[in-house]
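Okay, structure first, notes after.
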């Protein structure tokens, strides 16, 4: 059973067992409301019917979504969407779907997709974990991307980090055998946490050949934020795991 409680404008669903014990659920985000610019709002109005997917408790049919069969790349938390649009532009042979809860980011992504004339990109504005639970067919994803998620750097907040054992198992089921989970972070402590979780997760193999990390792949665009970090001497850690079973 569940109880719904409202807190700071957000809705939290608390799952309970039959004897009243709390079941901690994974959460992929902390909601951040924001105001859309006129351009973002216009992009939402003009493009949602063709590029937006509404949340529903029903599995997606990728062939129906994209009107073709192609490898599916899913990104969790794409921010303002610039990198996702860039990746979709340079890989027209693949189909991309981005999930983001920040509506201005979704609007900005649709603006970029419209300006670029993309037909291989879809977006959702919802909690990624619920989307995975209810809408993503098992064994259907070629790649899952998680770039620069909230590091929750305070020790007492580490339990809020999205990369946890249950999350790794959920993703494993949705990836194809041989599919990849690509992560990137600019927090070394979070990178270490990611490696610790993923190295222990069954059914995955770290693709790094020397140590735990890989060089930034050419297909992951260098963001302005990341380039600035490089100039200031800040590190970025990329990790890629394949589903083996």
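Numbers here mean position along the shown chain, with the first residue as 1.
Cβ atoms are placed via backbone N, Cα and C, with glycine included.
Summarising the annotation, Swiss-Prot assigns active site to 150 and lists similarity to another entry as the type of evidence. Counting every protein chain shown, 17 other Cβ atoms lie within 10 Å of the Cβ of residue 150 (active site).
Look at Swiss-Prot and you will find 75, 100, 127, 150 tagged as S-adenosyl-L-methionine binding site, backed by sequence analysis. In three-state terms derived from DSSP, residue 75 (S-adenosyl-L-methionine binding site) belongs to an extended strand segment.
Of all Cβ atoms in the shown protein chains, 17 besides its own fall within 10 Å of the Cβ of residue 186 (substrate binding site). According to DSSP, residue 186 (substrate binding site) sits in a coil region rather than a helix or strand. The annotation substrate binding site is assigned in Swiss-Prot to 154, 186, 223, 224, 225, 226.
Listed in sequence order, 148 are the same-chain residues six or more apart from residue 225 (substrate binding site) with CB atoms under 8 A from its CB. The secondary structure of residue 224 (substrate binding site), as reduced to three states from DSSP, is helical. Rounded to a whole number, the C-alpha distance linking residue 150 (active site) with residue 186 (substrate binding site) is 10 angstrom. Comparing CA positions across the binding-site residues 154, 186, 223, the one lying closest to residue 100 (S-adenosyl-L-methionine binding site) turns out to be 223.
When the Cα atoms are compared, residue 226 (substrate binding site) and residue 127 (S-adenosyl-L-methionine binding site) turn out to be 25 Å apart. Counting other CB atoms no more than 10 Å from each candidate's CB, the binding-site residues 75, 127 peak at 75.
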